Structure formats: C-alpha cells, structure tokens
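*Asks:* I'd like to ask you about the structure that follows.
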Amino acid sequence: MRSARVVAVCGPTASGKSEVADELSALLTEAEGVWVPTVVVDSMQVYREIPEITNQARSRPAELVGVVPVTREWTVAEHRRRARAAIEGSGAGAAVLDAGTGMYLNATVLDIPLAPKVPREIRALAQRAAAGAANPRREARRLELELYGAPERGSIWEGEPAYELALIYLRPERASLDEAIARRSSRIARRGLADARRLQDLLEAGARVNPSVLGSIGVRELLSHLRGEISLPEAEETISVRTRHLARRQMRWFDKLARTLSGRARLVVSPSPEDPALRKALHSMHDIIGA
C-alpha cells in the first residue's frame, strides 16, 4: 500500500459530487495546514476545448481538468499514472478524488492489472467483428487482446486498495437525480454551443478529433444541431436521455465498488450533499482518515 491517504467522492453525474469533493478538500486543507488537492477522475473532463459540455467549472482548482486537447487519445493507464502522481505528490500526503468514471476510479485506487494499449487498426477490426455480440464492447475488448496476442487481464475488482482509502458515494433517489439531470442538460444545451462551435472549427480545418469526444454526451447532439440536423430542444432532450442512461450505469458500477470495498475501506453512502449524516462525515473526515 502506498503512503498516502485518499478520500474518493463518487456518484452519478449531477449528484453534486464535485461540490462535495471541493468542500472536503477545502476542509482537509484547513485541518492539515497544507493544500490538499482535488483530483478529478473523469474520462471527459481532461479535454480542454469542451469545458461547458463537461461541466469543468468548480469552486477551487483541481488536477486533471482540461489538460489535453481533443485531438489527443486519453487512456485509463495515462489517467492512473497522472492521478497517482498528483496523489503521491501532495505535500499533505492526502488527496480527494472527484470520480465519475468507474473504470478510472478502480484503476486509481485499486492495484489491478490494466490491459495493454492496442493499435487503432486492431481496435477497429475487433469492433466490427463484435458488432453483433450480446455485449459488443466487452466482446470487442476480448478480440482486441486476442488479435494483439496479449493475455486477458485479471479482474478489475479483486485488487487491494492502493492507498489508505475512504469512499463517499452519493447515491440520489431516481426522481431527484432525473430532475438534476434535466437542469444540467438544459444548461449544457445553452452554454455548450461555444464548445461545439470550437470543435466544428477544428473539424473543418481538418483536425482529427478523438472519436470518443465526438461521440460523447453533449458533443454529438450539439454538433448535430449546428449541422442543422436537429433543433436545440431536440438536442437538449437527447442529452437528457443519454445522461439518465449514463447515470444508471454509473450507479451500478459504484454499487459494486462499494460492495467490493466493504471491510477494506471506510464507506459513507448518502442520498444527497445536504444529508445530515454526510455533513457530519465531511467535518470529521480528517479524524477518520488519520493525521
């Protein structure tokens, strides 16, 4: 186990986890007397040209936000390397994670094997071959490794915690979460157009934008709107629907992570940032994770 203390704040999009993470890092900074960083663990917030679509605004500076251009491919392995460097480089010996991407969180806080990076050509071939599978993404990844001649990685759930770890899991009720997602989708549709125009300019100039960015929630819909294919209200509704589906997947992942970490990490599961039990936990977290 590495010599650092980590509090991971996770939850579905629009659950309020970023606000909780920033509040906690500020509280720990005050208690420690030295800066405790917030490290963002999100596969899309790393891209600097789409700050509105990916909700990068926050109350205090954070690591791994807007750090690479949309023309760059970003991987789980790169995120783990950069996140762990930020954690272990903290003068406080502690960090708060703001985590929305489950695989990136597992890779950061658990000692698990990561599959090797596969060339783009092999990845495309595997994706075509797996198109008719029951789970195309999983089958494509299996085929990638087979075609590349690499062994399948071990379980991404069985690794031991890499740090002294506490997990705060924001798990809202579905109705309240869906309302928050609708508000966020409206905001993205209004404020994200500048991001979409920036991407449109790059594409028209011949730039090769990362396909993961082009297919992401908000980007796909707003680019479609700029091309005249759908109205802005239609874009907003599609963003909302896709975000609700994403939130369900995130919750299934974090449910499993919480079960996996039971007995191996300190767990706080809360329905909202205003939950009295969570408020108490935030203000006692310095004592919980140790000085």
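Including glycine, each Cβ sits where the backbone N, Cα and C put it.
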*Asks:* Write down the single range among 42-45, 150-153, 218-221, 262-265 that appears in Swiss-Prot as region 'Interaction with substrate tRNA'.
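*Replies:* Checked against Swiss-Prot: region 'Interaction with substrate tRNA' maps to 42-45.
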*Asks:* Which one is it, among the binding-site residues Gly11, Ala14, Ser15, Ser18, that lies nearest to Thr101 (site 'Interaction with substrate tRNA') by Cα separation?
*Replies:* Gly11
*Asks:* How many neighbouring Cβ atoms, not counting its own, are there within 10 Å of the Cβ of Gly11 (ATP binding site)?
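*Replies:* 28, counting other Cβ atoms within 10 Å of Gly11 (ATP binding site).
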*Asks:* Quick one: which residues besides Thr13, Ala14, Ser15, Gly16, Lys17, Ser18 have a Cβ within 8 Å of the substrate site's Cβ centroid, in sequence order?
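*Replies:* Other same-chain residues with Cβ inside the cutoff are Gly11, Pro12, Glu19, Gly100, Leu170, Ala180.
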